[in-house]
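S.K.: In case it's useful when we look at the structure, here is the feature table from TrEMBL:
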TRANSMEM  27-50  transmembrane segment
DOMAIN    43-294  domain 'G-protein coupled receptors family 1 profile'
TRANSMEM  62-80  transmembrane segment
TRANSMEM  100-122  transmembrane segment
TRANSMEM  143-166  transmembrane segment
TRANSMEM  198-223  transmembrane segment
TRANSMEM  244-267  transmembrane segment
TRANSMEM  273-296  transmembrane segment
Amino acid sequence: MPFPNSSDLGLPSFTLASIPGLEAAQFWMAILLCSMYILAVTGNCAVLFIVKMEPSLHAPMYFFLCMLAAIDLALSTSTVPRTLSSYWFNVTEISFSACLVQMFLIHTLSAVESTVLLAMAVDRYVAICHPLRHAAILTNAATAKIGLIAMARGVLFFLPLPLLLLPLPFCSSRLLSHSFCLHQDVMNLACANTTPSVVYGLTAILLVMGLDAILICLSYVLILKAVLRLASWKERLKVFSTCIAHVCVVLAFYVPLIGLSVVHRFGKDLAPLVHVTMGNIYILVPAVLNPIIYGVRTKQIQRRILNLIHVFND
């Protein structure tokens, strides 16, 4: 028998995935996940604090980095605490409304992060190919507008996803394949025609993440053409080194995203552990790596971090 429709008083609930086959070690796996979450929160809060306190970092590239830090904090906080309660306290049930809210936050924040990464690629392109116009094009006001556009774009494209699931009835199997709610995962549990939801979800991902990835690649093609026109290899390496941190951050975001999409599309026969692991990697790896990457590549951030360490030691 299907569970009640969302329009009824009794809303369906879902069961979050645990770590199949590793229930005995789940407590320790959760400690690893918690450690990564603490590292992500600490690192991204440090980035926000350092950029605020360091006047030399009050530039578009680092304002975009602050946006990434805020997005990663929101994305990890909307998922990891709920996952930890599932692993540690066996609170695996999540209500339909909470699941839809979590799904909306995950997809919207991912879209906003993708847009910010594109804006950072454009910033690198203008800084390298049109350095004299960089300050005039990417002003602080323009950077703020780009942030607002990124947020509006994410909301407009991904708000329909939970709305398309509202009228659907759900089958007796309500076990999700991740420890949080994703549109594809919830949609697969519906006992009705999900074609509109499938088509819209795929279209939204292609028009946001897919288009952003293409434009980021295009910007780096133009950057490489400009770099290769420089006279010496030393100059080329010096100029392109300013892009290394951004390239690493782009890879940290898109590789887990593509991996998770491939697992959903072709991994029906894979072990459940693969789905759970890929989901946790997608949520936490970018949030952990982003502040580390920019901390290593930015001397001002390194200096501020060392100063903070000395203050705590004293």
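Heads up, the Cβ atoms here are built off N, Cα and C, so glycines get one too.
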S.K.: Give residue numbers and ranges for long-range contacts of the transmembrane segment (273-296): same chain, 6 or more residues beyond its ends, CB-CB under 8 A.
M.R.: 17-22, 33, 36-37, 39-40, 43-44, 46-47, 65, 68-69, 72-73, 75-76, 79-80, 83, 106, 113, 177-180, 182, 245, 248-249, 252-253, 256-257, 259-260, 263, 267, 302, 305
S.K.: Considering pairs 6 or more residues apart, do the transmembrane segment (198-223) and the transmembrane segment (62-80) have at least three CB pairs under 8 Å?
M.R.: no
S.K.: Report, as numbers and ranges, which residues of the same chain sit near the transmembrane segment (143-166): CB under 8 Å and 6 or more residues beyond its ends.
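M.R.: For the transmembrane segment (143-166), the far contacts come to 6-7, 60, 63-64, 67, 100-101, 103-104, 107-112, 115-116, 119, 183, 186-187, 190, 196-197, 200-201, 204, 207-208.
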S.K.: Cβ pairs under 8 Å only, please: of the recorded stretches 27-50, 100-122, 244-267, which one is richest in them relative to the transmembrane segment (62-80)?
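M.R.: Per the Cβ under 8 Å count, 100-122.
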